[in-house]
Amino acid sequence: MRVSLRWLRELVAVDLDVTMLADRLTMAGFEVEDIEDRRTWAEGVVVGYILACEPHPNAQKLRVCQVDVGQGEPRTIVCGAPNAAAGLYVPVALPGAYLAKIDLKIRPAKLRGVKSEGMICSLAELGLTKESEGIHTFTDAVTVGEDVRPLLGLDDVILHLTSTANRADALSMVGIAREVAALTGAPLTLPTPRAIAPKKSGAKGPVQLAIADPQACPAYCGTLITHVQIAPSPLWLQQRLEAAGLRAINNVVDITNYILLKWGQPLHAFDWDRLQKVAAQTPVSVGVRFAKAGETLKTLDGQERRLSSENLLITAGDVPVALAGVMGGEETEVHPGTQNVFLEAALFASPVIRRSARAQGLRTEASARYERGVNPAELEAATAEAIALLKEIAQGTVSDTTLADQRPPLERTLTLRLEQVHRLLGAVVSEAEDSDEPAYLDPETVEELLSRLGFHLSRQETLEDELVVWSVTVPPYRFRDIEREVDLIEEIARLYGYDRFEETLPAQTEVGALPLELTLLREVRAAFRGAGLTELMHYSWVKGGQPNQVTVVNPLVAEFSSLRTDLITGLVQAFRYNHEQGNPPLNGFEIGRVFGQDEEGLWENDRLGGIIGGDPWQGKWVRRSQQPQPLTWYEAKGILESVFQRFGLNVEYQSDRHDERLHPGRTAVLCLQGERLGIFGQLHPQYAATLEIPAAIYVFELDLEVLLSRLEERYRQIVFQPFSTYPASDRDLAFFAPTALTVAELSRTIWKAAGGRDSFLESVELFDEYSGSGVPAGQRSLAFRLTYRASDRTLTEAEVNELHQRIRDSLVEKYAVTLRS
């Protein structure tokens, strides 16, 4: 917003230097982006009177003027303007003057042999317009030799000010004046509101108001003013508009723009006779409604606009005549022949105008204010001043005023606690240099600061030991942005000055961190991604018909009628879908919740499921003689085992046949420290064939709570131990064992025979399995590699042999295996 310092000083008697005022406003939250000092634009330019104007002897387009500038002898000035003539009062830049807007220093010079002692100026050369057809001439009474700056509005300073989105009241000169008065303590001089006596909507008269949606238009005031005389506005009004960046049009339109700048209340003037013609009825029904499909409106910018249901309209006889709160229509605009006007002053809902303007890609001074929120309390004051100016400047006569008013009450009372003020703002900078005690705002200062802003405070009854508590009444013009106690405290800090409070750090700070459970979940996800699995996510809702499911009574669709009881089903279906689409085999995992019910009631817990069906050869370079091979049980188990090893978990695998979806000979229950962790196995060939997917697909499902609890134990008690620098000794152990005997059972026996994890046995690894020719019936050939190592010395051959033989004897004794090596 462009704020004229000269206009501002008419409203508030502030005598601060403009730089200091700009600094105070900026510190109070109204950033001054630029200071436009117009006083420098025409320094050294005075009023001159052209006594004579003759053609230049050596140039056809130049004229030689004799100009009286009030300094004795007339000055000879060469001028090229086509409108230069004797008898005109003109602005003259004397030698030594500097025209800042065109960066020109005036010096005496010879032009085509004729001496020129100055320059007769156009408005463009003085910075008031971009282009000019000739020199500027004064039509009002002026005095030769006087400074032209007061005559042209160049004795002013313009502050380019930006307000925050919540301060809609600051988009007006009255709002800024109130703020400056509060910041500086200077007296505020606002015009006394004139009274208007509108009749209620529905009463007999030339205008009938029809508001279709009071939520979109809480108040609408229409005034019929007759016998107006359209003419140029007086100079002071034109200068006010020009300083604000608006173009003067005629006295009626200029008055509406002036009120918008002063009060922040948009107004619009319709040509009454044209409005009657459009309505084609008496009395004229002026309405406010949303647009209908297919309606159009030609706006003041000459564009034919196709309207949508988001556009709020002003209508005459239900015919659109204006985009409410945005722009008027061309058909009813005020023109040089206008004799009667209908003046609109209304309140429109901010969201409605925002959507309407966005839908049309149109933003105006009016819509900018409506989008922020117009002060509902001063509608009558703005209307009354506009009517008074129309009577004074346009010689109009008020014929009728109608008001449709459904504004909500604008009263708000808040409780303010001095204790809360001290807690949020802290101590103030003490004026006593030798004082070590922190100083805080006292009640009197708080009351003074808020009173300056127009708040009314009354102290409540408090006990002797308690701090002061106030009941604060919010002024109507701050009704939109002051809603809570903290808003009042912000106003106190803003007015007192943020730089006048002590710089204090919070008494206690705590470094932010993820909870341990989330940290472990992130590590689990990273581990499975590192093993080549992609994280998947499925709906918790599945098709019903399975036992123990929790079913919804009235599902939206049958496919999502029950809650899932496991993750494996969803993972297999995802594999099947990708297989049907021709995508590569799926390797993925999912962390999710499963649900069920039993005789004890409903239950739910978190699980981690996965599917491993990736072909290790697909998409790879292979030898021509080599065919892609499906994943083996041990390869799939190795992927899962790599994750467990990453976390240092010793998981045992025990044969299991309970899940009919899984291969009975290739399914294992996973146990961790004697507690069931989950299940791992290959899909049953018949189940895979039913789904028309490959048989070499492996799935697992883990109890997430068990997994995280074990990880949490290790996380809280991390044990570091050095690597052994001594050599290891490997021994291979091969034997025939019954097929029903699991590798997990054999591994446990080997470790137990060696003396546990603290023995010289470092690792046990199965590296070969064979069943077929040469192997006794009902048995298989297994080969283990055992690694022995000590942490403090090199083991002797005798020590290794003794321990290795103990393990061999234990296997023979317990399982009657047939040793092969």
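Using N, Cα and C of the backbone, Cβ positions are placed for all residues, glycine too.
As annotated by Swiss-Prot, domain 'tRNA-binding' applies to 39-149, with the evidence given as sequence analysis. For the domain 'tRNA-binding' (39-149), the model's pLDDT averages out at 90.
Annotation comment: Swiss-Prot describes 409-503 as domain 'B5'. Across the domain 'B5' (409-503), DSSP assigns 36 helix, 17 strand, 42 coil.
For Glu490 (Mg(2+) binding site), other Cβ atoms within 10 Å of its Cβ number 16. Residues annotated as Mg(2+) binding site in Swiss-Prot: Asp481, Asp487, Glu490, Glu491.
Look at Swiss-Prot and you will find 724-820 tagged as domain 'FDX-ACB', backed by sequence analysis.
Neighbour density around each Cβ, counted as other Cβ atoms within 10 Å, peaks among the binding-site residues Asp481, Asp487, Glu491 at Glu491. Other than Asp481, Asp487, Glu490, Glu491, the residues of this chain whose Cβ falls within 8 Å of the Cβ centroid of the Mg(2+) site are, in sequence order, Asn166, Arg478, Ile482, Val486, Leu488, Ile489, Arg494.
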